Amino acid sequence: MISRNFKNVLVVSLGFLSLFTAYGGLQSLQSSLNAEQGMGVASLSVIYASIIISSMFLPPLMIKNLGCKWTIVAGMACYVSYSFGNLYPGWYTLMPTSVILGLGGSPLWSAKCTYLTISGNVQASKDGKKGSDVINQYFGIFFFIFQSSAVWGNLMSSLIFGQDTNIAHIPEEQLLTCGAADCGLNITVNSTTTRPAQHLVWTLVGCYIGVGVLAMLIVAVFLDNIDQEQSSQFRGNREPFCHTFLATFRLLKDWRLVTLIPLTMYSGFEQSFLSGEYTKNYVTCALGIHYVGYVMMCFGATNSLCSFLFGRLARYTGRAALFFLAALANFSCIMALLFWRPHPDELPVFFVFPALWGMADAIWQTQTNSLYGILFPRHKEAAFANYRMWESLGFVIAFAYSTFICLEYKLYILLSVLLLTVVTYPIVEYYEFKNPTPPVQEGTYPSHKETIQTHDKNIICQSKM
């Protein structure tokens with residue numbers, strides 16, 4: 001029999017799998033499907049700008065008042081609204097729904113991270129294991145299931161758009177403008193971005209709405225409300241609004257969080273590059289929009305498998321070795337993309353880059369999330385709100401300059417942020433190795449009212465270099 005905590009991890013994971021089957025598919029297509037006047041990329045910028053704003057105050061307020069479970073459900077509803085906006089995409093439909101999605105995005109992810117961290121600590125105290133090991137395992141399982149959403153969402157788009165008979169032939173002179181060889185700002189006027197038939201777009205978006213609603217039902221019905229008592233106590237002894245409002249910013253007094261900002265922002269930069277730039281300037285330009293889904297499926301499959309693998313491997317190798325592997329993979333891809341000139345005859349190469357990128361992203365996601373949970377166990381809501389805020393800032397900056405800066409310079413910016421991350425992250429890791437953060441022992445399930453008293457001599461190091 002699986003434990004109750006493990007069951008809850010599976011429920012959260014399946015809910016996010018269903019939700020991001022829809023959103024992930026839409027995000028991959030925005031730069032190509034809604035290319036007119038850069039509307040698709042602009043909507044993504046608005047989403048992550050809204051996430052930054054919501055990260056400043058909403059996660060602690062919603063999680064402490066509603067609890068993790070109902071915060072997740074409310075956040076999912078915000079994501080579904082964006083799918084409705086894509087039924088009739090325009091500035092007056094995409095922008096408002098992008099704002100709604102962004103406002104719900106940070107509470108959704110902060111609640112998920114808080115829920116997994118609490119579950120991991122509870123299970124660790126039951127089994128007599130280190131909290132960091134169980135948390136790493138839970139995040140690995142979550143991202144293994146969650147990242148496969150890129151496979152299913154993009155499979156749906158590829159199969160549906162593959163029925164379009166109006167697939168343009170790509171002339172040789174256009175192929176010369178693909179990749180970093182050309183500036184890449186005029187790709188949107190090429191025939192390869194021809195919008196699929198409207199009935200196919202409606203079919204796809206309708207499917208996305210369906211799986212989004214399914215995600216809400218899965219979590220609402222099957223997820224246990226493990227922090228219900230904590231939420232009730234908070235509502236009964238309500239802290240001043242300004243105290244909760246400023247919780248996210250107060251944590252910035254911790255130098256470790258400030259030092260992790262480049263690492264967190266890089267997560268936004270690298271994800272936005274693959275979904276916004278690689279799909280448009282390499283795949284759509286040289287192969288056509290109907291190939292975007294297949295290429296992103298490769299990314300999702302690799303990401304999913306590696307998330308599960310690295311979640312378990314971290315206890316033997318430590319975080320630092322995995323982060324170094326991810327940095328090396330991204331560095332190699334960036335250098336290769338600077339010189340590669342994409343051509344349809346080199347079809348396998350189009351899948352090599354997203355596969356390597358997926359492996360690296362699996363490390364960035366699983367290890368950074370678990371690192372935040374381990375470093376700030378007493379301020380989980382504020383810590384994960386900061387994570388979403390700085391990651392979203394990376395998204396916003398990348399999407400904002402997407403239509404203004406040549407592709408070559410975008411790669412140089414990505415490389416610069418990566419190198420800054422390689423310099424700053426080891427400082428925090430070394431300090432944590434020398435001065436491990438004491439774990440917070442959660443009470444036994446389902447009540448967290450009674451805490452397990454742990455003497456200093458029994459505290460074990462929960463971080464491994």
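Using the three backbone atoms N, Cα and C, a Cβ is placed for every residue, glycine included.
The following features are taken from TrEMBL:
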type: TRANSMEM; residues: 40-58; note: transmembrane segment
type: TRANSMEM; residues: 70-88; note: transmembrane segment
type: TRANSMEM; residues: 138-161; note: transmembrane segment
type: TRANSMEM; residues: 200-223; note: transmembrane segment
type: TRANSMEM; residues: 289-310; note: transmembrane segment
type: TRANSMEM; residues: 322-341; note: transmembrane segment
type: TRANSMEM; residues: 385-405; note: transmembrane segment
type: TRANSMEM; residues: 411-428; note: transmembrane segment
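The list of residues near the transmembrane segment (322-341) in space but at least 6 beyond its ends in sequence, with Cβ under 8 angstroms from a Cβ of it, reads 175-176, 178-181, 270, 278, 282, 310, 313-314, 349, 353, 356-357, 359-361, 363-364, 367, 408, 411, 414-415, 418, 421-422, 425, 429.
Here the transmembrane segment (200-223) has Cβ contacts under 8 Å with residues 8, 11-12, 14-19, 21-23, 25-26, 33, 69, 72-73, 76-77, 79-80, 83-84, 86-87, 153, 156-157, 160-161, 163-164 of the same chain, all six or more residues outside its ends. Contacts between the transmembrane segment (40-58) and the transmembrane segment (385-405): present, as 3 or more C-beta pairs lie under 8 angstroms, all at sequence separation of six or more. Remote same-chain residues near the transmembrane segment (289-310) are listed as 24-25, 28-29, 32-33, 140-151, 153-159, 161-162, 164, 167, 192-194, 196, 274-275, 278-279, 283, 322, 350-351, 354-359, 361-363, 365-367 (criterion: CB distance under 8 Å, separation of at least six residues from the stretch ends).
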